[in-house]
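Input: a single structure, listed below in structure tokens.
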Amino acid sequence: MSTFEFFLQGLSVAAQPMNLLYALIGVTLGTAVGVLPGIGPALTVALLLPVTYKLDPAGSLIMFAGIYYGGMYGGSTASILLNTPGESASIVTALEGNKMARAGRGGPALATAAIGSFVAGLIATLALAFIAPFIVKLALVFGPREYFALMVLAFVTVSSAFGDSTLRGLTSLFVGLTLAIIGIDQLSGQTRLSFGIPDLLDGVEVTTLAVAMFAIGESLYIASKGDSEPDKIEAVKGSVWMNAADWARSWKPWLRGTVIGFPIGAMPAGGAEIGTFLSYAAEKRLTKHPEEFGNGAIEGVAGPEAANNASAAGTLVPLLTLGLPTSATAAIMLAGFQQYGLQPGPLLFASNPQLVWGLIASLLIANFMLLVLNLPLIGLWVRLLSIPKPWLYAGILVFATLGTIGANPSVFELGMLLAFGLLGFAMRIFGYPIAPVVVGLILGPMAEQQLRRALAISQGDVTALVMSPIAALLFVLALLAIIVPLILRARGKGEVLSQLAANED
Amino acid sequence: MSEVPSSRKTRRPDRAAFIIAPALIAAAAVIWWDVARLATTSTYAPIGPATVPHWVAIGLVILGVWSGFEAWRGDFPKREAVAIGPVVWLVAGLAAQMLLLRPAGFSVATGMLFALTACGFGRRKLWATIPVGIVLSFIVWVIFAKLLQLSLPAGPLEHLFF
């Protein structure tokens, strides 16, 4: 069957009434949780994972797609109205969006964000559908050493290429890799770092780690700042609709944002925030109203929001075709796949095409639902934003522990949750990024398997790893991704990189 | 790593950050010690379950030395003051939930977590927040354990109704 037929088949799967309902629940929950201040898409997906535990794989992945897109949208709503971007990908949106909201133009800001997200999501999801089969074909010629090289590249870009310190990024990554060793070795069946504790034999759960580091670590961090003034929410005054001038100034940034965001998400280069910064810079240079930038320029909301969503769809390219998560959100989604025994990658396209294409199609549907749902419900989201901090964080911790208890109601698991929460808190205090830990934990065992297969084929000869041209090229890229930022930072040009920090998403 | 960091204006050796270096090297030592018993059991292959842990341990040692060096130069970013009180409340809430989950069931244990967290964020009226937390947790329990069939431990309170 051709790609197009698969895609149509996926649409018919996603359009079944039950699946539509799952998608609707997903986008609603995703937006509701994503809009809460301080909760980014990664945490939204991790918190809502337990809701999907009892569904069939197709239904739960469809709900997942909705949660993912809903979480992204909710995050941008929060940053426009509250100016406390919980996720790094929304920082740029907050720059101009909050200024617009203060000037009483919060409605059009939210509208251009919503429609821009829709346009970008639509184009990027279609691009995903058409690119995926080619990458799958490419992936089939990859051997273990090429996979290993690709994972090393992903490790490096996620941990050290962006952010303010190579050292701290790499340290975070190695914390994740250390945690990944815990449990039964998949190839030899021997236990490692389990210290005779039965609960550790299965290793550390990705969702437990992600929830602990993001939800509990963040709550502890916010609590440790002591009493601060409540954040000011901008009321949405006037019409939420955009006028003709808004439309005229928005459509080009949407398209440019999509073109910038999608490739960056699709490359193993970390989260969505890089694209948003590049898009903002591009809009600032191209605008006919340079005086408005910094005071609420609609282009500065439209472009980065589109880039944000396009790169979110882009990160699904390596995730679905190669099984390679390049952001914390993708890592948690991979954990969601694994809970059904599904391993994303080229084989999944062959063995379970209905599922993959159903997921891609439901991304389109979720995208459309968000557009219909979000603008009318804006009043509800605003009310969610105004939950006082004590209740908000009490609720976050209840739901964070709920997921862990639901997955494994053991005291030991809750103890791990607390321990990793404290670790995440300490890492935040010292300025370590969190995402590399999560990516290291889930990608570590996969990289180890590929490495050991590659070394088994070469009979232990390490130099064979770089003897394939593709693998050698990927290793060179990985090396550059470590060295170039080190040089840039040494020459005092590190601010640009630290702005691009891939912290949350 | 839990030492209270103090803000410094000049670049001086960062004493709190100095704990990170030995912690990383200690983690490397634990890995090395733990996989030592594996290395002896799989001599038939040049690479085995101990290979990657060894690489990770070496990486941790390098990062540990590097961290020590940066801490000594005071290169770590400046830290904001940490209020320990609220953190203790939150940790107490999580610990209370952990310990009460089996004997008292989900609602009571999670209600305690709710109330103690709210307390950490400034709502000190525990006599009011604990019942509110238990009622909310009970509603959550009904939704997730009964409707979504998640296995949340039931206690006396849950058995009273179901």
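Each Cβ is built from the backbone N, Cα and C atoms, and glycine gets one as well.
TrEMBL: automatically predicted annotations, no manual curation.
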Scan A:169-187, A:226-244, A:245-263 against TrEMBL and say which stretch is down as transmembrane segment. A:169-187
Could you check if the transmembrane segment (A:391-411) is in contact with the transmembrane segment (A:20-49), meaning 3+ Cβ pairs under 8 Å among residue pairs at least 6 apart in sequence? yes
Can at least 3 Cβ pairs under 8 A be found between the transmembrane segment (A:147-163) and the transmembrane segment (A:316-335), with each pair 6 or more apart in sequence? yes
Long-range Cβ contacts under 8 Å made by the transmembrane segment (A:61-82), restricted to residues 6 or more beyond its ends, are 14, 19, 22-37, 39-41, 44-45, 48, 51-52, 55, 89-91, 93-94, 97-98, 100-101, 106, 109-110, 113-114, 117, 121, 231-234, 236, 272, 301, 305, 308-309, 312, 329, 333, 336-337, 355, 358-359, 362-363, 366-367, 369-370, 374, 378, 381-382, 385
